[in-house]
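Down below is the structure, laid out as structure tokens.
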């Protein structure tokens, strides 16, 4: 079997700065005999020259559509370019967001069906214990907690003034230092009180990230409410969520569950003024936070929830929060993914990749019904 050819495509989602392959992991794969082609990108956190230095040739943005060999793996992170329904011929490795009946799931699968292409979905690459081989969960929770706290600070210091666009931070320390300053200002305006932050799914990777950011930002442990499966096994809705100032949802939704909150609950007395839905199951019919219906973006990070209460309630539903810390997020993810990428050299013998292809075929069959 010839060495695998990986084609790292440029991300086209606005404000997406991460990369599935970093220059350092690309170098390790090149040393293992892989061929790697990298599309030029002016929004990727890694400069094009960083890839050139390790031996990757550069090609034009989106040239995978016309120039990538049929046997090349097209590697990316987020959605393929919008407003395109052309057949897809290659094997794509990315987060397709179409295996859990999300909005538009049949349309994307029909494109692969028409072109006889394949999705090997990064979200469903699991080890022998069913645990994902690589995930952005920790960094998603970490960044989600940061944005939620910042929105709360904005509410306390700027009132109804519009919350502005988010921009990525060079590193974790810069984000923590910024948040500490914001909290000092906001708590002073709030009678010296820091927010109570409730994290749902606190024991998972994502929830751990959310809790640890709050701690690093200076919020005391007694103000961090950690809920997981034991606290939620009785089923929602949970009025306790209304007692927190900030609610960060970090669960991994796999089945229909009762909602955590309802829109009607927002009309009564509550401290809750910020929801960050890190899980972001916005278009999932089983979304457990059915108080909003759109994804927010780095340009417009919040959506207000209409209610009869004069107290504000803003929702953050950004589906690529780790790009707030793009270099660290990419390094962590790509490092964890590397052993599985190596297995592409013997894909027919790799349980991880075979399971991923089997899942794609199952979802493809469902899309034809």
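Glycine too: its Cβ is placed from the backbone N, Cα and C atoms.
Residues annotated as active site, proton acceptor in TrEMBL: 78. The active site, proton donor annotation in TrEMBL covers 97. Taken from TrEMBL, the feature NAD(+) binding site covers 131, 204, 205, 228, 232, 252, 278, 318, 319, 320, 321. Positions annotated as disulfide bond by TrEMBL: 206-250. As annotated by TrEMBL, domain 'Alanine dehydrogenase/pyridine nucleotide transhydrogenase N-terminal' applies to 7-143.
Recorded features from TrEMBL, shown on the structure.
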| residue | record | contacts (Cβ under 8 Å, 6+ apart) |
| --- | --- | --- |
| 78 | active site, proton acceptor | 11, 13, 16, 94, 95, 320 |
| 97 | active site, proton donor | 79, 105, 123, 319 |
| 131 | NAD(+) binding site | none |
| 205 | NAD(+) binding site | 135, 137, 138, 141 |
| 206 | disulfide bond | 137, 138, 140, 141, 144, 250, 252, 278, 279 |
| 232 | NAD(+) binding site | 200, 238, 260 |
| 321 | NAD(+) binding site | 139, 140, 143, 144, 147, 278 |
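Largest Cα-Cα distance over the residues recorded as binding NAD(+), namely 131, 204, 205, 228, 232, 252, 278, 318, 319, 320, 321, equals 26 Å.
Here the domain 'Alanine dehydrogenase/pyridine nucleotide transhydrogenase N-terminal' (7-143) has, by DSSP, the following mix of helix, strand and coil residues: 41 helix, 22 strand, 74 coil.
If you take every residue in the domain 'Alanine dehydrogenase/pyridine nucleotide transhydrogenase N-terminal' (7-143) and average the pLDDT, you get 96.
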